[in-house]
Amino acid sequence: MSYEMIALLMFSSMMMSMLTGQRVFAAIGVVGVVAAALLWGNGGFELGFSANMKLLKWYALLTLPMFIFMGYMLSESGIAEDLYKAFHVWFGGVRGGLALGTIGLMVVISAMNGLSVAGMAIGATIALPELLRRGYDKIMVSGVIQAGSSLGILVPPSVVMVLYGMIARQPVGQLWLAGVFPGLLLALLFAIYVVIRCWINPALGPALPPEERDMPLIEKLKLAQAGVLPFLIFFLMMGLFLMGITSLVESSAVGALGSLFAAWFKGRLTWEMWNRVLEQTLGITCMFMWIIMAALCFGAVFDGLGAVKAIEGLLVGEMGLGPWQILILMQVSFLIMGAFLDDTAMLVIVAPLYIPLVGKLGFDLVWYGVLYTITCQIAYMTPPFGYNLFLMRAMAPPEISLIDIYRSIVPFVLIMILGMIIIMAFPQIALWLPQHVYVRG
Amino acid sequence: MPDALKTYVRVVDAFNRRVGRIVMYGIFVLMGILLYSSASKMMLLPANWTLEMAQFVMAAYFLLGGAYSLQLDSHVRMDLLYSKWSPRTKAAVDVVTILMLFVYLFFMLYGGVSSTAYALKFGETSYSAWSPYMAPIKIIMVVGIFLTFLQATSILIKDVATAIGRPLA
Amino acid sequence: APYVKAQDKKITWRLQTYAGAALAEFVIRPAVDAFNKAANGEMEIQLYTADQLVPTGELFRAMQAGTIDAVQSDDDSMNSPVDIKVFGGYFPFASRYSLDVPTLFYEYGLAEIWDQAYTEVGVKWLSAGAWDPCNFATNKPIKALADLKGLRVFTFPTAGQFLSQFGIVPVTIPFEDVPVAMQTGEIDAIAWSGITEVFTSGWVDVTKYFLTNNVSGGWAGSFFANADRWNEVPEHLKTLFNLCMDSSHYHRLHWYWGGEAKLRAEGGRLELTSIPDAEWKTVEDAAHVFWDEVAKQTPRTAKVVEILKKYNADMEKAGKPYRYG
Ligand code: NA
Ligand code: NA
């Protein structure tokens with residue numbers, strides 16, 4: 001059997017194993033260890049554990065539990081309620097204003113944590129009930145929250161970009177800066193969509209009655225104080241890192257400590273909340289780490305089979321494609337895989353095959369990191385497999401059905417693809433900031 | 001279900017829960033090391049052990065926590081088909097497919113034991129200037145994988161019970 | 001690899017180098033390609049770069065267990081469980097020029113010592129060669145020993161232990177992560193190679209200064225193989241493999257010798273700085289104290305230190321061009 005055939009067989013076995021509904025890490029890991037044993041005999045028996053030793057050295061992953069802890073701490077800290085109240089008053093008067101406020105809230109939450117979990121938790125528990133109570137269209141707002149929270153991985157800090165940086169060997173600081181304008185661009189596109197929909201059909205997002213939002217300017221400004229804590233946390237994390245005072249992993253610890261202080265400051269630190277946050281942090285960290293551990297083993301065998309050369313041979317040699325055709329093909333394949341695969345596994349297994357070729361074709365790997373991150377955002381929302389889908393299903397009130405959730409993501413996925421095309425056409429949207437702000441990272 | 005199996009499930013679950021509840025505080029150990037690293041760097045007295053120690057703590061955190069995370073059902077599944085099944089069908093399918101988990105954990109355990117034996121035999125130290133002994137962290141890793149293995153057996157027993165229509169409470 | 005082997009009817013080896021992908025193209029790929037071509041289908045060596053199949057620190061273990069069949073690395077980096085591993089890589093001030101390394105091995109008896117030490121742990125030591133000197137590449141100019149204080153430096157374990165007394169903090173990370181670690185602040189400097197590799201590995205993009213004083217004149221590294229795998233190879237292919245290793249060593253000798261000089265002379269992207277010889281002499285003196293400490297570890301390390309001392313004394317006595325001043 002040729003190596004290409006073995007590689008293909010491995011990939012399809014993995015997909016089949018996952019379809020059984022067994023835990024994703026086990027489905028990936030079993031194919032990795034069995035393939036290693038079949039191919040390399042006794043020598044391959046230890047590859048699974050060897051991947052674990054490799055993982056030990058991936059120091060950037062130390063940021064993962066920190067960001068997860070931070071996300072849960074913030075969503076429990078009450079910061080979001082204050083912020084939401086401020087957005088409520090400022091945007092309430094506009095048609096669809098609360099949905100716009102929710103997008104704003106999501107951008108701020110995104111700037112304080114590196115995943116979409118915190119955004120989803122805050123969106124589903126704080127914003128969603130309020131939006132539904134005010135008669136907003138449930139499908140539209142379900143989409144707003146899923147898409148908005150996905151900005152958590154594009155707006156810095158971002159765990160996905162840390163992982164991408166590890167694999168593509170690109171500086172994380174540059175990647176994070178590159179995500180700033182694309183993140184704002186997507187938020188803007190979401191907002192334009194909401195405004196247009198509500199302008200055509202005001203029933204989708206009724207404006208708040210004036211008595212709820214009319215208050216003296218001074219009161220309105222006071223509400224803006226809600227932004228102080230988020231800014232402080234963002235500064236502690238990003239500022240110290242970009243100024244070169246703390247290293248990447250150290251700054252994530254500083255951010256985690258900051259979120260702890262914020263919760264304490266707001267008087268939210270109860271024994272029960274404390275236990276819930278620590279338990280969830282352990283659970284989610286384990287989920288990520290065990291998937292990465294299994295995927296690293298799978299990836300080592302895959303890589304050992306020369307899959308990189310095979311992909312290059314196929315795309316450049318046999319199909320004779322040009323650079324842009326290859327890039328588009330890769331993004332399309334990521335979108336398709338993203339529907340079925342966990343994005344972390346996708347990154348560890350597939351990205352190492354693509355990234356060397358992308359570099360060789362002359363594309364900027366920081367820019368490509370932004371494109372990749374957007375495909376991950378889409379992957380979070382596309383059925384059957386997506387974190388935001390899972391979270392939405394777990395947290396949404398009963399009146400939002402599974403079909404509603406699936407329908408809600410369609411326009412936002414299209415908007416994200418549009419955003420990605422815009423950034424492909426105008427790379428400077430991503431690259432201007434990292435090229436003009438000097439950072440060592 | 002025989003009483004012996006019920007007792008086994010109860011003991012394993014209780015033990016792993018206890019371990020998990022302790023391990024979850026490891027995040028503060030990790031945070032402490034990273035903050036110390038940052039502070040000592042600012043005072044121009046950086047230590048040579050912080051990064052590696054943080055890596056060890058991280059490995060202990062997610063491997064010793066592995067069993068508890070299985071118990072909490074923190075691990076995602078691709079639920080294209082799975083989500084449509086009844087709890088009993090899910091359990092019945094899991095009884096078969098959990099074999100994948102066992103095989104993966106078996107190989108992890110095999111490699112872990114072999115690697116630990118090597119570390120003990122040759123007094124292996126880490127490839128770094130700090131050069132700590134590797135056996136302690138490898139033993140912790142193996143223990144973590146082993147506890148996860150035990151938790152998987154407990155889950156298997158519970159799934160069998162559910163599948164035959166006599167779920168353990 | 002019974003399964004694949006039966007299919008292909010040829011010997012297939014997985015060889016992992018400790019060099020990253022970019023560097024491997026210069027320092028190992030040509031020899032492997034040459035071997036595969038000359039072996040004419042009877043044997044194939046598949047080359048894997050740093051950390052690709054197994055992490056570098058696990059290379060020895062993986063080779064012993066058969067996960068990989070052969071390794072190109074220094075003893076220090078691959079974490080060999082032998083007392084003499086400290087002399088692999090950059091043992092401080094053991095060599096002045098790269099030619100010192102093969103001379104020590106093949107004229108002064110290190111080869112026999114290495115062969116015996118690795119036989120004891122079930123691995124076949126095959127052949128030693130020299131790479132480049134070990135200098136610092138940094139982001140701030142180093143003009144005095146005091147400038148090194150507090151720097152987090154990516155370096156070899158043994159060199160790191162030695163340099164700690166001058167206030168540096170040695171850090172070990174995967175080879176390919178070095179540029180990013182420079183940028184994320186995990187490390188502040190690299191003491192891993194001469195200037196040729198600073199360019200070849202792309203580290204030139206993340207550093208500004210190059211310190212001309214070196215800690216060692218030539219890296220000492222070797223090829224190793226799993227003993228059983230080596231024994232299975234027929235004699236004529238063993239000979240061919242030996243020739244290819246020699247050709248690899250030979251190529252590196254002039255590639256680095258010329259590269260170091262050319263990049264220093266022509267200047268360019270890195271600014272050269274120096275610590276005055278008189279001040280650097282304290283580092284050299286400290287190295288000899290370090291040697292004596294290492295000599296106390298085992299009879300075998302004592303023997304190696306004795307050889308190093310004898311060799312350096314001979315070179316001093318021989319005078320110019322072997323040693324100046
Ligand atoms: Na973020
Ligand atoms: Na998806």
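The backbone N, Cα and C atoms fix where each Cβ goes, glycine too.
The transmembrane segment feature in TrEMBL is assigned to B:22-39 (among others).
Per TrEMBL, the feature domain 'Tripartite ATP-independent periplasmic transporters DctQ component' maps to B:30-160. Across the domain 'Tripartite ATP-independent periplasmic transporters DctQ component' (B:30-160), the model assigns an average pLDDT of 93.
Sequence-distant neighbours of the transmembrane segment (B:51-70) (same chain, 6+ residues past either end, Cβ-Cβ under 8 Å): 16-17, 19-21, 23-24, 26-27, 29-30, 33-34, 37, 126, 128, 130, 132, 137, 140-141, 143-145, 147-148, 150-152, 155. Here TrEMBL flags B:51-70 (among others) as transmembrane segment.
The transmembrane segment annotation in TrEMBL covers B:91-113 (among others).
What TrEMBL records for B:133-157 (among others) is transmembrane segment.
The residues of the domain 'Tripartite ATP-independent periplasmic transporters DctQ component' (B:30-160), classed with DSSP into helix (H, G, I), strand (E, B) and coil, number 99 helix, 3 strand, 29 coil. Beyond the transmembrane segment (B:91-113), the same-chain residues lying 6 or more positions past its ends with a Cβ under 8 Å from any Cβ of the stretch are 82, 85, 138, 141-142, 145-146, 148-149, 152, 155-156, 158-160, 162-163, 167.
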